[in-house]
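According to TrEMBL:
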- B:12-31: transmembrane segment (TRANSMEM)
- B:14-87: domain 'Glycine transporter' (DOMAIN)
- B:38-59: transmembrane segment (TRANSMEM)
- B:65-86: transmembrane segment (TRANSMEM)
- B:98-171: domain 'Glycine transporter' (DOMAIN)
- B:122-143: transmembrane segment (TRANSMEM)
- B:155-174: transmembrane segment (TRANSMEM)
- B:180-203: transmembrane segment (TRANSMEM)
Amino acid sequence: MHKPPMSPDLLLSLADRIGVFVFAISGGVLAVRKQMDFLGVIVLAFLPAIGGGTLRDIILDEPVFWLNDTVTLLLAVAGGLAAFFFYRFVSRFRALRWPDAVGMSLFAVSGAAKAMALGHGFLVVLIMGAMTASAGGLIRDVVANEEPLVLKDGELYATCALAGSLVYFGAASLGLGETIAFAAGMTTAFMLRAGAILFGLSLPRAKG
Amino acid sequence: MHKPPMSPDLLLSLADRIGVFVFAISGGVLAVRKQMDFLGVIVLAFLPAIGGGTLRDIILDEPVFWLNDTVTLLLAVAGGLAAFFFYRFVSRFRALRWPDAVGMSLFAVSGAAKAMALGHGFLVVLIMGAMTASAGGLIRDVVANEEPLVLKDGELYATCALAGSLVYFGAASLGLGETIAFAAGMTTAFMLRAGAILFGLSLPRAKG
Amino acid sequence: MHKPPMSPDLLLSLADRIGVFVFAISGGVLAVRKQMDFLGVIVLAFLPAIGGGTLRDIILDEPVFWLNDTVTLLLAVAGGLAAFFFYRFVSRFRALRWPDAVGMSLFAVSGAAKAMALGHGFLVVLIMGAMTASAGGLIRDVVANEEPLVLKDGELYATCALAGSLVYFGAASLGLGETIAFAAGMTTAFMLRAGAILFGLSLPRAKG
């Protein structure tokens, strides 16, 4: 096992790209369901795929991550094409929810890591993790005129992203190394989301 | 009354923070009404609280105001918590509309002041005042799938923000001093909004 | 015909301004139809008029184009006023669709040109062209709670913008000169949109 460790930058860029592809599928699937045309499917694939990271980079005043990253853009297109041509396969409940959970976990930790690398404090790191993971899906649902899944009762979506960012922040603050902090944060976010999917975990609601 | 005068920077930062708290409540209340879960309430509290100012700062290419301002973020969270735990109290008609009018007046003038301090002209100052005060509430309503209150007939909402920005611009251009310009702009925006609430003042509509 | 040729900068700025006016009318007309008040009409005029270009400039980290361009802002206001006072005239089917097609073509090419002038690659140039032309209309529809026209089956809207950007990119890459590349891109986008309007051209949909 004497592989050289992955650099934080490589981890970050890999996480962003895998997340981009699986999120793009979720947007494309929604567009097909909404009877949009071919280009509408591609556009709706882009929104969750790069929306959260774009918002993060704009707010942090960083260069938007996909401007010099052709691979990311091609992966977003590929996710849209996959939804368009293999709708029946990718729109199945399981095929959609699990890669989405992986993408959410990856985006949460990469967003938190980017904010932390820029020297931002605890709250901003949490917000950036949750935003990178959730804002794209929120924009997707708002544009498609759907109730935003992310904020819905019983979904635990942004909560998982927040928990993953929190664990990443804690591990990185303790000096455990980037790779371990990444793995710990991702695992936390993913397990919590898996619990929400499998066992229906949910947050309390206020008495309206 | 020999207190030292408040500096413009202090006034600006104070205005932003009070506005953040009262706007956060409005978002949290809407989220509770929409049956969102705990984190959904917090997220929807953030949208009106920091949405308008965030958009203003991004367009003006300024550092986003809450990135280095933990107090602001905590106030947004506090507004969400207040809505979650004290929904029955804060969701009452009067308890909601009046602090909202105060927040709107504060945001309008602080947005106008920021644009003016950067040397922008008349129209940009007005737009930034109106945007800081109204865009967050617009985003809140769009995300929650509500008809945007800000643009609705008979609400006079953005109009009050515009009037407050106009008076601030006039007073500051005449060299009346930052504190007086602030007070004049805020009072104008608030009185006009109070008139709209109490007497049903409204703008004309086109004959469709 | 010995006029001096127009400089690329002048072409760009002219294209942006004409587009701003005709797009503003489309937003204002929608606002009147939605029974918004006077200022709501002006706000909804701004969204399509400057929304796409604003998003483009923010993502490209360029100064937002209207901050130092009072004429653009006045044209957006003028478009809103035109919709408010001459609703019956400007809301007619033909009066609305054709200037909208011109605006779309102009915005597509000016967006592509701006990205290309900054040295961005093929995909980013296409995205910026399509975004400048389509994102403002998308924001307009989302804010007004309408189904987004841009993504709708049978409209070919973003597709035309994409095709215009593609032709512009090709012509400019071949060194044909800015004016010719502009004309070629605009003509392509406009002819395709005219075909979509007149003959009902459309993109395929997936089998949902």
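Numbering starts at 1 and runs along the chain as displayed.
Each Cβ is built from the backbone N, Cα and C atoms, and glycine gets one as well.
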DSSP helix/strand/coil residue counts for the domain 'Glycine transporter' (B:98-171): 60 helix, 0 strand, 14 coil
Stretch winning on C-beta pairs under 8 A with the transmembrane segment (B:38-59) (pool: B:12-31, B:122-143, B:155-174, B:180-203) is B:122-143
Using Cβ atoms and a strict cutoff of less than 8 Å, what residues sit near the transmembrane segment (B:12-31) while being 6 or more residues removed from its termini? 6, 40-50, 53, 65, 69, 71-72, 75-84, 87, 90-91, 96, 99-100, 102-104, 106-107, 109-110, 113-114, 136-137, 140-141, 144, 146, 182, 186
How does the domain 'Glycine transporter' (B:14-87) divide up by DSSP, counting helix, then strand, then coil residues? 59 helix, 0 strand, 15 coil
